[in-house]
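Undergrad: Dumping the structure here so I can ask a few things about it.
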Amino acid sequence: MVMEDSSRLDAYAKPPEDLKSAYKKYQKISIAQLDSDDTVFDAAHEQYAGFTVNIQAKEELQMPAEISHIVQSFLSNRGSMSRDGTSGCLCYEHPDMPGLLVFPSLLAPSVQISLLDRLLHRDVSNPAHRNNLTLHYSVPYPEESANSFFHASNQNLLLDPIDPSQHKTVSMQAMLVKKLRWITLGGQYDWTAKEYPSSPPPPFPPDIAALINGIFPAIKPQAAILNLYSPGHTLSLHRDVSEECNRPLVSISLGCDGLFMAGLDKPNACSVATMRLHSGDVVVMSGPARYAWHGVPKVLPNTCPSWLGDWPVTPHNEDSEQYTSWKGWMANKRINLNVRQMHD
């Protein structure tokens, strides 16, 4: 498959008008309209919208024939062994967008919960990983003995503004409910300059890197954006062109359903694919689709799986009693882990 050279792509370019129009349509769409829209891929409801199973994709991504041992290794690192370590591994691709691959329900519930535990308890509270608040606030990172922002001992922490004339103090409640929108893991992407700093990045979480690289050996996880959405939040159309290599992007969905759009520029029009992604779905952007425009026009409320909605209070978690005040936090949240390789 022929790919574009990222060095020829402008990080500040604007998306094509027909893709912007489609984005606005799905930003405003009602649930009733969405349920009757057969142009949206939704594997959970057996609606494939032109996507077909691609049996060669796993080979092209160098995926192992069996991934249960990789998943069980990931789970055993935290003592959370489970027989549901992996679900079916069908791969769907749209014929007009080669390399845009969807793996519905690839990650089973035990894996999703363990990912949330590590990302939101451990990595979000690691000051080496910047978030959208660190530029304007002094973030009070927890003590190591209670190193989760969700821990009961941290509920009264306050984020003081660096410039009080521009921002007000933020409570921990406000931070976790609505203010915290993204965290960078590993390579700390500069959103203004649209590039990665030349200085050495903090280490990418090794257990999460091992899980992703084990399932998708074609990518070495070096950087990630962890997006936190609530209903009403969106992600504008953009292209990821700042990496120095063209290795695939891997995007993991957790929590509420979200609409994900991707589009490729073509001489006479823009190919567009819209997907309703569910918790546990994984999208890979590879080949020609590696530099596709993409965005999230809508997060669908009240669609978080019932077994995940009470997080951070979960079965078999010995620390759950420390998180009871946050029970149900995930019920209207969508978490997206977007992983990339910066260089070969």
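Backbone N, Cα and C define each Cβ position, glycine as well.
Note that the structure is predicted; figures quoted are calculated from it, not measured.
These came from TrEMBL, pasted as-is:
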DOMAIN    220-343  domain 'Fe2OG dioxygenase'
BINDING   H238, D240, H294  Fe cation binding site
Undergrad: For the binding-site residues H238, H294, which one has the sparsest Cβ surroundings, going by other Cβ atoms within 10 Å?
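TA: Counting other Cβ atoms within 10 Å of each of the binding-site residues H238, H294 gives the minimum at H238.
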Undergrad: I need the neighbours of the Fe cation site defined by H238, D240, H294. Which other residues of that chain put their C-beta within 8 angstroms of the C-beta centroid, in sequence order?
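TA: Neighbours found: L237, R239, A292, W293, G295.
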Undergrad: DSSP says what for the domain 'Fe2OG dioxygenase' (220-343): how many helix, strand, coil residues?
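TA: Each residue of the domain 'Fe2OG dioxygenase' (220-343) counted once, the result is 16 helix, 52 strand, 56 coil.
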Undergrad: Sorted by position, what residues of the same chain at least six away from D240 (Fe cation binding site) have a C-beta under 8 A from it?
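TA: D240 (Fe cation binding site) has long-range Cβ partners L249, M285, Y291, R340.
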